[in-house]
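These features come from Swiss-Prot:
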- 1-24: signal peptide (SIGNAL)
- CYS35-CYS59: disulfide bond (DISULFID)
- CYS38-CYS88: disulfide bond (DISULFID)
- CYS56-CYS110: disulfide bond (DISULFID)
- CYS60-CYS112: disulfide bond (DISULFID)
- ASN80: N-linked glycosylation site (CARBOHYD)
- CYS87-CYS115: disulfide bond (DISULFID)
- ASN106: N-linked glycosylation site (CARBOHYD)
Amino acid sequence: MDYYRKYAAVFLVMLSMFLHSLHSLPDGDLIIQGCPECKLKENKYFSRLGNPVYQCMGCCFSRAYPTPARSKKTMLVPKNITSEATCCVAKSFTKTTVLGYARVENHTECHCSTCYYHKV
């Protein structure tokens, strides 16, 4: 009887580890690793049958490097690290009404450009 309990315990531990790892994976895109290129993707929240709403999503260029000494001298608040980045933004868009009252931008073309909104 102890023989079967040992295998049952091992099976339950392995099953719980598998379910935990499966639950911790991101939703969808399980095969794609890293960040996808900047492109249009359908916004499932605002899209309705016959009236899809698209938004720009994906990654662009970013890097950080030590601030050169001569640049630090001209800064009001000297910083040791300087960063550069471009964001995936809409090159063109149209305004559309969704849910009967909300006006949103339906992106039609994307490109990598200056970041206007940063997450803090």
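Indices start at 1 and increase along the chain as displayed.
Every residue, even glycine, has its Cβ placed from backbone N, Cα and C.
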Neighbouring C-beta atoms (10 Å sphere around the C-beta of CYS38 (disulfide bond)): 19
Cβ neighbours within the same chain of CYS112 (disulfide bond) - under 8 Å, at least six residues apart: CYS38, CYS60, PHE61, THR86, CYS87, CYS88, VAL89
Integer Cα-Cα distance in angstrom, CYS35 (disulfide bond) to CYS115 (disulfide bond): 17
Residue among recorded positions CYS56, CYS59, ASN80, CYS115 with Cα closest to the Cα of ASN106 (N-linked glycosylation site): CYS56
Among CYS59, CYS60, CYS87, CYS110, the most crowded of the disulfide-bonded residues [Cβ within 10 Å]: CYS110
